[in-house]
Amino acid sequence: LKTISNSRRCYKQWLWFMVLFMSFSVIYVDAVWPMPQMISSSMARYTLNPREFIFQYSSGSSAQPGCSLLDSAFERYYPPRQHDEWFRFPFTVVVHVERAECEGYPDADSSESYKLSVCSGQAALRAETVWGALRGLESFSQLVYQDDFGEYFVNETEIEDFPRFQFRGILLDTSRHYLPLHAILKTLDAMSYNKFNVFHWHIVDDPSFPYQSSTFPDLSSKGAFHPLTHVYTQIDVKRVIAHARLRGIRVLAEFDSPGHTQSWGKGQPGLLTPCYKGTVPSGTFGPVNPANSSSYQFMTRLFKEVTSVFPDSYVHLGGDEVDFTCWKSNPDVRGFMLKMGFGTDYTKLESYYMEKLVDKKGPKWRLVWFWQDVFDYHEKIPVDTVLHIWKGSPGQIQQELSSITLAGYRVILAAPWYINHIDYGQDWEKYYTIQPLNFTGTEQQKTLVIGGEVCMWGEYVDATNLSPRLWPRASAAGERLWSDEKMTSSVIDAFPRLVDFRCRLLRRGIQAEPLFVGHCRHEYQGI
Amino acid sequence: MLSCQLSADWQHHSTSYEEPTLGDSPYGSLWPLPQKVQISTVVFKLSGASFHIFDAKASSSGASCRLLQNAYRRYDEYIFTSSRKQGQNKSKKALASDMSELQVWITSADSECDSYPSVTSDESYKLSVDSPVAVLKAPKVWGALRGRVHGFYSTHCLYSDEEKSINRTDIHDFPRFAHRGLLLDTSRHFLPIKVILANLEAMAWNKFNVFHWHIVDDPSFPYLSRTFPQLSQHGAYHPYTHVYTPSDVKMIIEFARLRGIRVVPEFDTPGHTQSWGKGQKDLLTPCYSGASPSGSFGPVNPMLNTTYDFMSMFFKEVNTVFPDAYVHLGGDEVDFSCWKSNPDIQKFMEQQGFGMDYSKLESFYIQRLLDIVTTTNKGYMIWQEVFDNGVKLKSDTVVHVWMGNKVEEELQKVTEAGFTTILSAPWYLDYISYGQDWQKFYRAEPLSFKGTDAQKKLVIGGEACLWGEYVDATNLTPRLWPRASAVGERLWSDRDVRDLNDAYSRLAKHRCRMVQRGIPAEPLFTGYCAHEYKGV
């Protein structure tokens, strides 16, 4: 509910500012992106003086000084230092957290709800978890604005907020182009400003294998674009995970197989299927060879490493776009098909491979994700699997949503947000007006749609153009996934808010492109 | 909106353009391709410690030529920075077969070192890379600049990582078209100076020689005029942070000159002038709603003498600030509805005997404006509508063809009437689409229209336009490069240079070179550069 009203505690100020409020308040109410579930504010405003501004834990909070996660968030959200000496009133943000998981990682069921009250010269932020506190700090920071003389203000505001969908992801592809670490970290920063909470790291694919595995170092030394400059070392990966954690972002690693694995073959001879031309090997290779038991041994060891490196309880196993022509050409694979009684149905072979892969679930083995192809072709998928819808027309997507949720699987929607596809003009509107739950199904089915994901595939994207291509277009999806659909159904209302928000992103050093003609007070200063 | 998804072939990684096959070009990373080039397999080593660029003894330009000295320094840095940083030239002694110097020899008596480039500037050069000395010969400094950019730096890219090396090479080069321009729009979004300078630098690497500065337009007036400071005071997005001061403009012009680039400013009238009206009362036509003024304004008011007084003074200033022999006067997309609504204008139409033909009124205005500009001794460029409307033009006018329909017909007509022309219609780079659209820009051919040889000679070049609706400092550079490079080669190289596979291979390397030099040029397709972009 978006209401413009006063809180009881701040009644007096409310009367005072009533008149002014009628004409201006809307600006401030709309300040937060994505739109909170409930927000009200008045024209009463407090000046913030960076010299007398503090964050503080409430006495009853389970998180206290020493909670590294929130301590570092306080530092990030501290207003830019500057020299307005004349201001007299101190301002305090009191933070209260029920359960302090300061050293933990965000997970699929982490609560992100929070309540924020800016009132009587201070702000009170209450959250069940530290993750909720992070979201609340972000909202608070967006309530702060500067006037023409550089002074900071925050208006009296009440917010009660929680995400509409628990999974709000962004996929980056570091195989088609290598993204330097700082480009990834920058994206994580911007994600937290937009309240995204999952970084889907499509880390390897056909073109290159930049993940430096400690078990199989040859994979990157032979499969990366360059063995030294174009790899992610274990330390790099740790940095990404730590940077993400501090911002309440999960890192979901994808090691896509059996297709999309050309680069794997360079450092792991015998892994891929040799393709045949007639009766002789042609010299090229296809998907992972499902007829060799060594393939599964390799996968077991690799995923053992992956699950120990990436703390998230899910890994993404891919499983999309498997091309059968190479398997069909290979006599050993054909022999295996015969032996297994698959006939000529190669989807059964793919099924067999995927099932064996999941079958390897040891005690440390994680829950898995697949692209939707796996559901389309197979039956025996564990119920705790999450499926990822990436293709189809709007009609087909609705149908796919219906059938996957009817079968009881949880699902993530990515198809409408392939943001690597570009067009002239304001295509953010297209991403904004998607209705993820607009399909035929019971209420129960709809709860199985746990979120959505913005995909930035890397064919035409690297560090030179990633940021302006991603932001603020992804912000449109960010609001769709966080906010109430009814409150945010109008593109016309969203436009001026998004324009402001993108200037805020610029101010924070994110190279977000313009929506249309106009200017920001502080333009981007790089080139 | 969603219908486009319906038609899309659903793969993760579909592309709508054909993917050129990757292979090495025999021309390495040369871009744009020279008119005549011979690369031998003999390779010389280059070392930063021993290599120097000198003026040849017989050269007409010497140490006093700041333009060339500046260029020597830039290119020395480009060629050797990375290896020097890596400390690779330790104490290796130069081998006898090494190439130790490049001599630059300006052959004509007047090197033009201290002048501004013009449409008739000679940009030809000859480069011979041999041991122990390479010689770059050019009639004027402009050719030497092109030679530096082109030959030398480029060929060195046949180098291996550990040691710079260069093949024995002979190049004889000159541009196919004299006007190779790039339009940037600083009105729809303000572009900070450093963005403009960085792109002038990139233009030089791509042998562009005209910066068409679409400096003001409806949304904002960032040009700080000495004569009428109120124009930017009230018409810019911000009177201090979003303006170009006289010294900014001077710096840009000199920076461009040192790279052999002309700066042609555009002050578009009578339409596209909303921002002018904020600082200059009574300049624009008041629109009427019925019998009373509606409060909004239309194009420049063509019936007032004060308008022409203003324009006289304004263009007098423009004439002194911008040294180029041409100014672009715009004249496109004039909306008549406001003129039609205004009773005074209606009366004026009657007096002048224009009937209901408002294009006559537009012509009336433009004619007077052209007369004013003529008195300042500047030539002018105009958008094609001015020609289409039958305005009487000076014989040296350049007609700028931009409309996407009937391009060939228009070129035919303009050249038949004897006017020089430049083409932009195929090169609106602000229009983006998914995939390798550089191929589309690359394939465009300016002389495919029907006409005599004399007519074709009148096509003096083209311009890539990056209009500013969706572009500012955040995304301008990656959106422009290397897509504009495709236009660069079309305008410089021979007509027969059209092999997409060869171009792809060279362009991919050329873009990595731009990235290494600090320009965030976006990728053509999947792949990598040895030195990825370090910004963000």
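Cβ atoms are placed via backbone N, Cα and C, with glycine included.
Per TrEMBL, the features are:
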- A:Glu321: active site, proton donor (ACT_SITE)
- A:Cys67-A:Cys102: disulfide bond (DISULFID)
- A:Cys275-A:Cys326: disulfide bond (DISULFID)
- A:Cys503-A:Cys520: disulfide bond (DISULFID)
- A:32-143: domain 'Beta-hexosaminidase eukaryotic type N-terminal' (DOMAIN)
- A:165-484: domain 'Glycoside hydrolase family 20 catalytic' (DOMAIN)
- A:14-33: transmembrane segment (TRANSMEM)
Integer Å value for the Cα distance linking A:Cys520 (disulfide bond) with A:Cys67 (disulfide bond) is 36
Per the under 8 Å Cβ criterion, the recorded positions A:Cys67, A:Cys275, A:Glu321, A:Cys326, A:Cys503 that neighbour chain B are A:Glu321
Fewest neighbouring Cβ atoms within 10 Å among the disulfide-bonded residues A:Cys102, A:Cys326, A:Cys503 goes to A:Cys102
CB contacts under 8 angstroms to A:Cys275 (disulfide bond), restricted to the same chain and 6+ apart in sequence, sorted by sequence, are A:Pro281, A:Ser282, A:Thr284, A:Phe285, A:Gly286, A:Thr325, A:Cys326, A:Ser329, A:Asn330
Rounded to a whole number of Å, the separation of the Cα atoms of A:Cys503 (disulfide bond) and A:Cys67 (disulfide bond) comes to 31
Cα of A:Cys67 (disulfide bond) to Cα of A:Glu321 (active site, proton donor), in Å and rounded, measures 44
As a whole number of Å, the Cα atom of A:Cys102 (disulfide bond) is distant from the Cα atom of A:Glu321 (active site, proton donor) by 40
Around the Cβ of the residue listed as 'active site, proton donor', other Cβ atoms within 10 Å, all chains included, total 17
DSSP, reduced to three states, assigns A:Cys102 (disulfide bond) to coil
When pLDDT is averaged across the domain 'Glycoside hydrolase family 20 catalytic' (A:165-484), the result is 93
Simplified DSSP label at A:Cys503 (disulfide bond) comes out helix
The correct DSSP tally for the domain 'Beta-hexosaminidase eukaryotic type N-terminal' (A:32-143) reads 27 helix, 39 strand, 46 coil
